[in-house]
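Visitor: I'd like to ask some things about the structure below.
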Amino acid sequence: MSERVILAYSGGLDTSVAISWIGKETGKEVVAVAIDLGQGGEDMEVVRQRAIDCGAVEAVVVDARDEFAEQYCLPAIQSNALYMDRYPLVSALSRPLIVKHLVDAAREHGGGIVAHGCTGKGNDQVRFEVGFASLAPDLKVLAPVRDYAWTREKAIAFAEENAIPINVTKRSPFSIDQNVWGRAVETGFLEHLWNAPTKDVYDYTEDPTVNWSSPDEVVVGFEKGVPVSIDGNPVTVLQAIEQLNERAGAQGVGRLDVVEDRLVGIKSREIYEAPGAMVLITAHTELEHVTLERELGRYKRLTDQKWGELVYDGLWFSPLKSALESFVANTQEHVSGEIRLVLHGGHIAVNGRRSSESLYDFNLATYDEGDTFDQSSAKGFVHVHGLSSSLSARRDLAGK
């Protein structure tokens with residue numbers, strides 16, 4: 001038996017076409033691997049059967065929902081990861097997990113080639129191929145969409161000519177990627193920056209402009225940086241994301257219309273929905289404001305940004321990311337407590353905080369009676385703090 005091709009299969013246009021195309025052009029057997037990341041929508045058995053219908057000799061579905069939440073989304077929560085201060089890495093977080101399971105499938109099913117359906121314009125080609133090179137440098141990589149310059153029109157035409165079962169049409173050409181952490185929509189009329197998204201773009205969130213009858217108040221509890229409760233009820237990380245997706249999504253929270261800087265050098269417009277992710281990152285960030293010492297918090301904000309950039313750039317398996325996570329793990333020792341948030345009209349508002357690890361001292365902070373702050377020490381502090389600036393200013397004035 002010749003070496004098999006192990007394909008990262010989403011059930012969408014490009015990877016459905018890829019199964020048939022690889023078989024026709026290379027003569028090799030294709031094993032399709034679909035990863036359940038909590039994306040919802042179609043039943044995964046339907047996706048698996050579609051891969052078989054498209055020509056795969058085997059189709060494997062891996063339930064990786066808890067793994068994704070605990071080993072990929074949780075580090076993003078603890079690093080308050082927002083690329084360009086906005087994008088919660090919806091797609092970027094899932095790619096290294098898919099890579100891991102594709103490598104496992106290659107070992108199990110006799111695959112010498114791994115394949116993906118990424119274009120040459122996107123970030124995912126980098127995330128997949130750098131991941132393969134890191135975990136399994138012996139495997140060859142096939143990227144038919146990129147290497148043979150497929151366009152969406154060509155892919156649709158190929159699918160129609162070969163009776164490939166897909167739902168995409170030329171009139172509805174959105175490219176959609178989704179998982180429990182969020183949903184990403186691109187292409188079509190969204191490529192024109194002035195075009196406003198239409199209702200059919202969204203799925204995880206309700207229209208935030210609707211006059212909702214009442215806000216939703218939610219309390220998120222953390223232990224050492226891990227979300228462990230919603231309104232006092234124990235939850236796993238996956239359950240926390242799922243429950244907040246539903247509650248925040250119902251309030252229109254988590255819609256993002258972003259023009260982002262891609263790794264390949266171009267700018268791209270993306271529409272994201274990440275209700276649960278945005279609530280958890282907001283709550284975790286607020287709890288860190290309460291529990292982290294000032295200089296540690298300042299420095300961690302720098303590492304948070306770098307961690308997000310590394311993940312976005314496909315460097316999940318890099319030594320720097322690993323080192324940053326060791327630092328982040330140390331910072332989470334005291335990040336325990338509860339944050340109360342109000343979800344309403346597309347907005348998240350924090351209105352309560354409590355923690356046994358809090359560095360907020362009421363007696364030091366209050367301006368009422370009982371104030372224990374020694375204000376007599378402030379005059380000397382101000383003088384010493386500004387000494388270098390005053391000396392420099394004195395020199396500059398003397399030189400005029």
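Each residue, glycine too, has its Cβ placed from N, Cα and C.
Keep in mind that what you see is a predicted model, and the values were worked out from it rather than measured.
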Visitor: Hey, Swiss-Prot has L-citrulline bound by Y87, N123, R127, S175, Y272. Any idea which of E260, E286 it lists too?
Guide: E260
Visitor: Which of G117, G120, G122, G131 shares the ATP site with A8, Y9, S10, G11, G12, L13, D14, T15, S16 per Swiss-Prot?
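Guide: For the ATP site that includes A8, Y9, S10, G11, G12, L13, D14, T15, S16, Swiss-Prot also lists G117.
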Visitor: Please identify, among the binding-site residues A8, S10, G12, S16, T119, the one with the smallest Cα-Cα distance to S175 (L-citrulline binding site).
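Guide: For S175 (L-citrulline binding site), the closest Cα among A8, S10, G12, S16, T119 is found at G12.
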Visitor: C-alpha of D124 (L-aspartate binding site) to C-alpha of A8 (ATP binding site): distance in Å?
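Guide: Here the two Cα atoms lie 12 Å apart.
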Visitor: Tell me which of the binding-site residues Y87, R127, E260, Y272 ends up closest to S10 (ATP binding site) in space, Cα to Cα.
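Guide: The answer is R127.
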Visitor: Which has the fewest other CB atoms in a 10 Å radius around its CB: Y87, Y272, the listed binding-site residues?
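Guide: Among the binding-site residues Y87, Y272, the lowest count of other Cβ atoms within 10 Å belongs to Y87.
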Visitor: Please list, in sequence order, every residue of the chain apart from T119, N123, D124 whose Cβ lies within 8 Å of the Cβ centroid of the L-aspartate site.
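Guide: Apart from the listed residues, the neighbours are C118, K121, G122, Q125, V126, R127, R262, V264.
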Visitor: In whole Å, how far is D14 (ATP binding site) from E260 (L-citrulline binding site) when you measure between their Cα atoms?
Guide: 23
